[in-house]
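According to TrEMBL, the transmembrane segment annotation covers B:25-43, B:84-104, B:136-157, B:163-184, B:196-222, B:242-263, B:301-319, B:348-366, B:399-420, B:440-460, B:467-492, B:512-531.
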Amino acid sequence: MENIIEVAGLRKSFGRAVALDGLDLVVRPGEVHGFLGPNGAGKSTTLRVLLGLLRADGGRAVLLGGDPWRDAVALHRRLAYVPGDVTLWPNLSGGETIDLLGRLRGGLDPARRDALLARFELDPRKKGRAYSKGNRQKVALIAALASDAELLLLDEPTSGLDPLMEEVFRRCVDEERDRGRSVLLSSHILAEVEELCDRVTIIRRGRTAESGTLAELRHLTRTSVEAELAAAPTGLEALPGLHGLETHPAGEGTHLRCEVDTDRLDRLIRALSAAGIRSLTSRPPTLEELFLRHYQDAEPATAAAPAAASMPEAAR
Amino acid sequence: MSTAEAMAGVPELGKLITRRERIRLPIWCYALLASVVGTAYSFRQLYPTPESRARFAATVGRDPALAVLYGKPFDLTTLGGLTAWRMGVFGSLLLAVMSIVTVVRHTRAEEEAGRFELVGAGAVGRRAPLIAVLRIVLGTQLALGVLIGALLTALGMGASGAFLFGLSLAACGWFFAGVTAITVQLTDFGRSAGGLAFTVLGAAYLLRAFGAGSGANGPTWLSWLSPIGWTEQAQAFAGDRWWVPLLDVLGTALLVAGAFRLARSRDLGGGIFPARPGPARGAASLRSAGALGRRLHRGNLIGWGIGLLVFSAVLGAIADSIAELVGTSQQANEIIQRMGGQGGIVDAYLASCMNILGLVVAFYAIQSTVRLRTEETGGRVEPLLATGTGRLRWAAGHLVFPIAGSGLLLALGGLAAGLAHGGRSGALGRQLGELVLAGLIQLPAIWVLVGLTVAVYGFLPRATAAAGWSFVGLCILLQELGPLLRLSHWITDVSPFATVPRAPGVAIPAEPVLVMAAVGAVLTVLGLIGLRRRDIG
């Protein structure tokens with residue numbers, strides 16, 4: 001089966017400001033795809049292009065096998081969207097808004113709608129302006145989740161939700177996956193992405209920085225290692241792919257802390273074991289660390305050593 | 001709360017308001033100065049001698065329609081008297097609208113948008129936004145009043161009358177700033193707060209008109225209930241009653257004090273009237289962009305309908321007594337004959353009323369057209385367009401109101417005027433048909449304005465509101481000032497209303513009506529093409 005979303009080399013500028021600068025993104029059928037990036041990286045712009053609200057300047061975007069700009073209306077009947085900043089009609093009640101949006105999409109399942117209202121503990125009788133940010137978000141979420149869409153486009157859908165509701169949301173997305181839906185989830189909540197997403201794309205300044213499964217991304221980056229050694233290790237300086245090495249004497253032995261490129265881990269352990277390992281902790285990078293690397297890259301002035309490889313301008 | 005605390009943040013907010021109003025406020029000032037001083041200057045060129053003014057007073061000055069709709073003449077033998085007569089009501093209306101729009105924008109509209117929450121969390125008193133905007137509006141209007149006094153004096157009019165006239169205009173602006181200070185406390189929405197204040201303004205206009213339209217035995221005292229009537233009753237250049245504008249000042253003080261009291265007893269963001277819960281489910285009919293449009297525009301259209309019903313009925317009811325206002329002298333008879341007899345005078349008056357009705361409905365049309373843009377910038381279009389709703393379908397759900405809703409309002413206005421007039425003059429059937437038609441004949445001109453605004457919306461969305469309101473403002477200025485300034489037809493015909501046949505009482509040619517309808521349609525389609533091709537947001 002072909003991909004649900006296929007974006008290649010997508011470009012979009014607003015006047016002189018470049019929002020998307022050759023972005024690539026692939027969402028496969030039935031997967032929950034995490035879409036990460038610092039504020040202003042172009043996540044919402046990408047979603048708006050995919051919704052046919054913005055017209056791309058260049059590149060290719062295919063959504064559910066169609067052209068998001070030309071076939072917008074037909075495609076929209078097959079997807080549901082939750083904007084990052086939900087504004088409601090002030091004089092329509094939440095229940096009315098949910099029903100309206102669902103019907104405009106081609107109908108919604110009343111039983112599912114009521115079940116979701118109960119799960120998210122939303123009072124549907126309040127008027128749009130009386131809802132808090134989190135409750136406005138729930139209105140949009142329920143409208144989207146109660147639909148029969150093949151694809152969910154979620155732009156930071158849990159912003160403003162309390163932790164209990166975040167948990168409800170996660171279970172809902174899991175159920176959607178079980179029902180065979182595809183989900184593109186833009187989010188800043190890394191625990192959420194880590195728990196929910198099959199694959200992840202990290203973007204930075206309008207370009208794709210990395211994309212793959214979490215395991216693949218982890219493999220590309222560093223593992224932190226902490227060890228108690230019987231003696232001071234030797235020859236570590238010569239090891240390639242070692243970063244931030246700190247050693248200091250501890251009792252009779254040596255305490256060591258460092259980071260190592262994950263594919264060089266083996267050689268480090270061998271060198272350490274030569275010095276006599278008393279205890280060893282090795283921790284794969286958290287998504288947070290993965291992400292921070294790209295956050296820091298986004299600020300050219302302060303991004304120094306840790307990510308020199310991906311900073312051609314800084315290296316120059 | 002101590003005075004210092006209440007005033008905390010006022011200077012800073014004042015700067016913010018000045019910054020945000022740096023284009024609009026000068027436009028208001030310019031519009032007022034240009035119309036008052038331009039009219040005065042034009043009168044000086046056209047009627048330089050007392051004899052020429054006396055001739056003017058005996059002819060145009062006796063037109064009862066002008067007395068009812070634009071102001072009572074007191075002394076037309078002086079240039080100042082002419083200017084005060086012709087610009088008193090118009091200038092008062094202009095300043096009142098300036099007050100309403102500006103006060104709403106910087107108080108309730110800010111709260112509604114949630115921006116005041118951000119500002120109010122700083123060291124800013126609860127009443128600071130109201131105090132800040134009132135300082136600016138009242139200060140600007142006072143300065144305008146003085147400036148008008150100085151400019152009219154410079155044109156050679158009596159200084160006392162000139163300054164009284166300028167200040168009585170400013171005082172009317174003050175009064176409506178006070179009225180708006182109250183209405184913004186009452187409702188949750190900037191739009192309804194403005195609507196309420198405009199209702200008061202409409203009532204003030206009608207009271208004055210009804211008083212002015214009553215014969216000697218009628219309830220002329222009604223004018224005294226209206227702040228717009230006060231500007232007139234100050235009788236600048238013809239008695240100079242300096243105490244009359246003090247009524248405005250007193251009223252303003254009471255209203256602002258009342259507003260502060262109300263502000264104390266309500267929550268931020270809330271109104272005095274609490275919000276009611278809505279239905280838990282959408283009605284079965286709420287299933288299309290059209291249904292949503294109807295839902296969003298319904299209340300506003302009903303409000304306008306009721307307002308225009310009363311407005312037109314009162315203007316229609318005045319029609320019968322209008323000929324009596326000319327008087328019964330030999331000279332009066334000549335005037336009546338020249339104006340086409342009793343019937344001719346009434347028809348001319350009703351045609352002016354329908355023309356005013358058209359301009360008022362143009363406000364509704366632009367207001368509901370601009371809604372397209374506010375829905376878009378408010379972020380409420382995105383989730384809709386992400387469903388199976390196309391852009392055109394969405395836009396059509398809104399545009400049906402400026403296009404067809406305006407027609408409904410015009411027909412309603414014509415009907416109300418016809419019922420009130422026909423009911424009193426006893427030719428109901430004929431009056432009804434003629435006046436409904438006379439109302440509807442304004443519609444193509446409104447379509448041109450709507451089309452222009454939609455075209456701007458399609459291609460320069462940011463300029464939508466500015467363009468739409470400028471079009472209406474331009475039409476009103478050309479309408480009011482064109483004949484006074486003896487502008488060439490090339491200029492006055494820019495306003496589509498200049499081409500509208502002056503019905504009732506004349507045969508209605510099909511050509512201009514069809515041409516304007518076509519122009520409106522083409523512009524609307526053009527705008528929709530632009531909308532389909534551009535980015536949303």
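Note that Cβ sites are derived from N, Cα and C of the backbone, with glycine treated the same way.
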Intrachain neighbours beyond the transmembrane segment (B:399-420), with Cβ under 8 angstroms and 6 or more residues off its ends: 290, 293, 297, 301, 304-305, 308-317, 319, 350, 353-354, 357-358, 361-362, 364-366, 368-369, 371-372, 428, 431-440, 442-443, 446-447, 450, 454, 524
Close approaches to the transmembrane segment (B:440-460) from elsewhere in its chain (Cβ under 8 angstroms; 6 or more beyond its ends): 354-355, 357-358, 361-362, 365-366, 369-370, 372-373, 399, 402-403, 406-407, 410-411, 414, 467-468, 471-472, 475, 495-497, 499-501, 503, 508, 512-514, 516-517, 519-524, 526-531, 534
Segment proximity, the transmembrane segment (B:196-222) to the transmembrane segment (B:301-319), 3 or more C-beta pairs under 8 Å: yes
Cβ-Cβ under 8 Å with the transmembrane segment (B:242-263): same-chain residues at least 6 beyond its ends: 126-127, 130, 134, 138, 164, 167-168, 171-172, 174-175, 177-179, 181-182, 184-186, 227, 230-231, 233-235, 272
Non-local residues, at least 6 beyond the ends, that sit with Cβ under 8 Å of the transmembrane segment (B:512-531): 391-392, 395, 399, 403, 441, 443-459, 496, 499-501
Annotated stretches the transmembrane segment (B:196-222) and the transmembrane segment (B:163-184) touching (3 or more Cβ pairs under 8 Å): yes
Residue numbers, six or more beyond the limits of the transmembrane segment (B:467-492), whose CB comes under 8 Å of its CB atoms: 31, 34-35, 38-39, 42-43, 46, 86, 90, 355, 359, 362-363, 366, 369-370, 449, 452-453, 456, 460, 498
Same-chain residues near the transmembrane segment (B:348-366), Cβ under 8 Å, at least 6 residues beyond its ends: 63-65, 68-69, 300-301, 304, 308, 311-312, 315-316, 318-319, 322, 339-340, 402, 405-406, 409-410, 413-414, 417, 421, 435, 438-439, 441-442, 445-446, 449-450, 453, 468-469, 471-472, 475-476, 479, 497, 500, 502-506
Same-chain residues at least 6 beyond the ends of the transmembrane segment (B:25-43) whose Cβ lies under 8 Å from its Cβ atoms: 18, 79-80, 82-83, 86-87, 90-91, 94-95, 98, 102, 136, 140, 144, 147-148, 151-152, 155, 157, 169, 473, 477, 480-481, 484-486
